[in-house]
Ligand code: ATR
């Protein structure tokens, strides 16, 4: 039996165990997915210990996504983002490398969530609202897909500093958000606005329009006010569960080398969320 897991703090309410275990079950893979909460300074040591114990793969979540960089060989996009959410021990177990491989499937999750909804990204213009971890992954993912990115954030300096690291991106505050969204093809909410607060929205409805594709990283509730108002404006909407699903799907495929059973994993995730 292969053991996969998640390290983070807290991880008690993580949706990753049911998401991945639905995938193992659908493909008849003998594996389990478990959660671990290492001490604040122990993430890198936990990754090394997991390798010694024969763990097959680890997801990494808040607050450890940067901490584990030192314990892995990071794939190019993960290295550029400066955050790892998926550790693959496969190449190390096969004797091909001395260290586990680190990936950032949050970025892949953004790209694949749009692709699943037939939203083209190459040559498009995007506004990413938010400059925390989710905004960082989204900005790098979109730039990597050929999109020109504007990062807009309540604290303007955070957006400017993120944009400096992302090829072709610019950053600023929320003052001109309306004009920026009016001229954009893609909008990502990477703030926590709307989380457990159905009456809140990061972008007033008057700025939304029918040529937009809108991804809301918030998945609780699944249908946020932003997505409801975007749909009413005629926009294509992509809810946060798709982003969560596809970061897991990407990790599943890296670890198992098999095409993930997306429908089964999606059904399991949505059953947990609804
Ligand atoms: P995560 O890693 O999940 O992205 P985070 O680093 O705490 O979380 O970032 C949260 C994001 O939501 C930030 O961009 C934050 O803006 P600030 O950088 O100004 O703090 C944004 N955010 C949170 N509450 C907000 C609010 N009420 N209005 C606008 N932006 C908000």
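Glycine residues also receive a Cβ, built from the backbone N, Cα and C atoms like all the rest.
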Legend entry - 130, 131, 132, 133, 134, 153, 154, 155, 156, 157, 158, 217 bind NADP(+) per TrEMBL; candidate in 109, 178, 194, 240 listed for that same site: 240
Legend entry - Candidate from 24, 219 that TrEMBL assigns to the same shikimate site as 14, 15, 16, 61, 85, 106, 247: 219
Legend entry - Annotated binding-site residues 15, 61, 85, 158, 219, filtered by Cβ under 6 Å to ligand 1: 158
Inset, instruction - Please determine which of the binding-site residues listed here (15, 134, 156) has the lowest count of neighbouring CB atoms within 10 Å. - result: 156
Inset, instruction - By Cβ count within 10 Å, point out the most packed of the recorded positions listed: 65, 154. - result: 65
